[in-house]
Amino acid sequence: MMIIKLAFSYIKKQKGKTIALLASVGLAVMLIFSMFVIRDSGYDSQIREAKNLHGDYNLFFDDIDMNSVEELKKQKEVKKLISVRYLCEVVNTNNGVILDLNTFNKDYIDSLNYKFIGRKPIKDGEIVIEEEATEQMGIKDPLNKEIDLMVLNKYLDKDNISQIDSGNKRFKIVGLIQKPEKYYKSLNGFKGQAFISEETNLTITKTEDTYKGNIYLHNKKDESAFLDKMYKKLNLEDYNLFYNVEVFQGEVYKIVTKYSIKNIENSIILIIVSCLVIYNIYNIILSDRIKQIGMLRAIGMSNKDIKRMFRVSSLFYIIFGTLIGILAGTVFSYIGVRMIYGYSTVLSIEKESIIFSFLVSIIAVSVSNFIIVRKTLRMSIIESINKSDKVKKRSRANIDERKKMKGNILIKFANGNIWRNKSKTILTITAMFLVSAIFIQTSVINDRMKLTTNITSGLRPMSYGNVDITLSGNYRNTEDIFYNINAPIIQKIKKLKGVKKVEPFFYNQDSFLSISKKRVSDDLIKELRRQEQKYYSDYDKEYPLLVKGYNKNLLKNINRFIAKGENIIEEKPGDYKKVLLINNIYSRGIHSYSTKVIKDVNVGDVLEIKLPVYRDGVERYEKFKVEVSGIMDNTYIATQDGDPEFTGGQIIFRKDDYRELTGQQNYNKLFVAVEDGELESVEGKIEQMVKDYSFSSVGGKNENKKYIARTSEEKLDIIYQFLMILILSVNIITIVRSNIILRTKELSVLRAIGMSIRNLKKAVLVESETYGIIASVLAAIFGIYDYNKGIVRINNTMLEDGYNQTLSYGIPFKQILIVFIVSAVMCFIAVYVSKDKIEKLNIIEGISENE
């Protein structure tokens, strides 16, 4: 009992040191605890957000018949199944906005977490429509208004030939369904929905009459087994029955990240850093107790009792320091995750977070205690009593004499203090360096990944050539032939600061090449069948075709890519419209652009194509014969105009010829070239300009960067980096303040021999800034080495994979600058917040302390 009282007596008496020790433990625990909690909370919040936005069902089915629906419903694993009948699509011909048209089912709408306003459709001609779609159509206050829509069904006939059935119908909007704005920015996209009553008479002869819906299972763990079973039992494809995609991705990302090599390495580094943070400050503070231990031994306390006393105090610091760290880490983690995920925030504190937090504090405190006690007990009693930080005696005369010397006495004084206790200095600098280094490493990893993504994942960014930005319709929510970019928008974009050139043109991905299978390359067939698509074709009569209509400027721009034949800048006589043919695709199987579309094709050959056209108020397919005027080089789709991923042939018309054939009057795609350094600025202005215009999509060279910025990993890295800066800041403040507390006697002696408070604070500041500068320089050297080491590794990998582009070597200036600024500012703040210890210094009490 006496030992416990003695331990707590010291804890109470030395409040400043006790607070510093608790702060060091809490700081380190907060570092490791927050990292675990932020990671788990971030992904759990993403999963919660996905459920809030998309629904909490387990599986989704699509494009199956009623018999299959009933069979799914009978399965023992199924808790609940909600289905709706899919009919066709409806499109607004004024702006191209297109939606799925289904029969009304309120339970289905609720299962997708839509908010419903109005009433259900009862009569023929009544419709419930997605509110966001009406906003994109430019309809204000849409409830109870009438709207003209084209009913549109694209389907495969019995011969596997693509057909279009369309007709116009007027609807009255009697209900709206709403989603939060964030839903429409989902990485996997979305498809607008509309619902009508069973009694509605549609103006087309052919509807799909298939079903889609959601499945809730009794046990989430059965998802994978259930999918495999139903694929075999009902002969379904994975586009007929699949996971709740957004939720599933969040779950997969969490598992992959949690057990990734990068995360394990970071966790180990963080544990080491956390232990060093504790050990450093603990060693600084407890080294002052060597003399006290000697005195306790002198009055008869046994070594065993001394060890017990330290174990008691250690237990106190471990328990309360860890709890403080966990509490602070919980608050920080919640605030950080809340800033990103808002109402969907989930605070996930798993047992491993708590276990590792206590593990760090137990290891660091125990090791510190063990070293101090062992070191002391190995000394003789006389040695330990006389042990202190030796303060070289200085007299007033000595100081006055040094003032006359050339050079800065404060700097010399600070340097003398720094290197007087080398082990303390090394530990202090090491702790600062490691936190700085891990911040630089984490940040430069993300920068390298972004640069790498521009090359490896960036088939599209690399393929734009001298085009920087594109504007077009959203591929899921607009119909190419009706989406239009009007003249006012084109003029506004031309006037934006930083825009060099704007070129509008026609663009349609829904066309076909009608050609004998014998003429089509086997590699193209393999690529087409590798894709998952709802309307699967045997590909023996028609093949996907991308069609463009270019003006003279765009045709001149691609003149250098014509390998055979000649350009079509000027109109040429003949029986058929002239086109440029792109006869190759990018093969994902062999990572090459050499895969041909047509085995043998020459300039002058006549090809039959099928285009969607708009005539007599309806959309339909029409066939045309065109003559090949020129064949493009294989490098065209890889290096210019941005269509490397289209799996099929491509042809380019003169814009007037395209307009004549299709009846399409307004341009539906835009190329924008900008001045150097203006890409993101111009892109942001265009996005703001068209955010409520017909589900417009802004792409181009920056599109992959935008994708990365919206992923959870990128969001969480922002919090990680902020946490590292915070930890670095608090670490510096704690170390500097601890040093001041420990050196009360020394500072009192300096005051006694005449050093002013102002000079005393300057000396402490210079000493602290020296720690920060040395640690920052070391971190900068490490950062440069680590950055370029990663560049070497990435470049070697990319060259092995066949990429021609590589990353340039460099210096992570931004991260290094942040470390230097944070170190300098925090050292100043540390001295400032500790000025009370200096200004209120009692010379007599300070000199006699611990005597």
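Including glycine, each Cβ sits where the backbone N, Cα and C put it.
So that you can see what the record holds, here are the features copied from TrEMBL:
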- 267-381: domain 'ABC3 transporter permease C-terminal' (DOMAIN)
- 722-834: domain 'ABC3 transporter permease C-terminal' (DOMAIN)
- 20-38: transmembrane segment (TRANSMEM)
- 268-286: transmembrane segment (TRANSMEM)
- 315-341: transmembrane segment (TRANSMEM)
- 353-373: transmembrane segment (TRANSMEM)
- 426-445: transmembrane segment (TRANSMEM)
- 718-742: transmembrane segment (TRANSMEM)
- 763-785: transmembrane segment (TRANSMEM)
- 816-833: transmembrane segment (TRANSMEM)
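The highest tally of CB pairs under 8 A with the transmembrane segment (763-785), across 20-38, 315-341, 353-373, 816-833, is held by 816-833. Among the stretches 20-38, 315-341, 353-373, 816-833, the one making the largest number of Cβ pairs under 8 Å with the transmembrane segment (426-445) is 816-833. Per-stretch counts of Cβ pairs under 8 Å to the transmembrane segment (315-341) identify 20-38 as the leading one among 20-38, 353-373, 816-833.
Contact between the transmembrane segment (353-373) and the transmembrane segment (816-833) does not hold: fewer than three of their C-beta pairs are under 8 Å, each pair 6 or more apart in sequence. Sequence-distant contacts of the transmembrane segment (816-833), counting only residues of its own chain at least 6 positions beyond either end whose CB sits under 8 Å from a CB of the stretch, comprise 432, 436, 439-440, 725, 728-729, 732-733, 735-737, 740, 761, 764-765, 768-769, 771-773, 775-776, 779-780, 783-784. Residues of the domain 'ABC3 transporter permease C-terminal' (267-381) grouped by DSSP class, helix first, strand second and coil last, total 102 helix, 0 strand, 13 coil.
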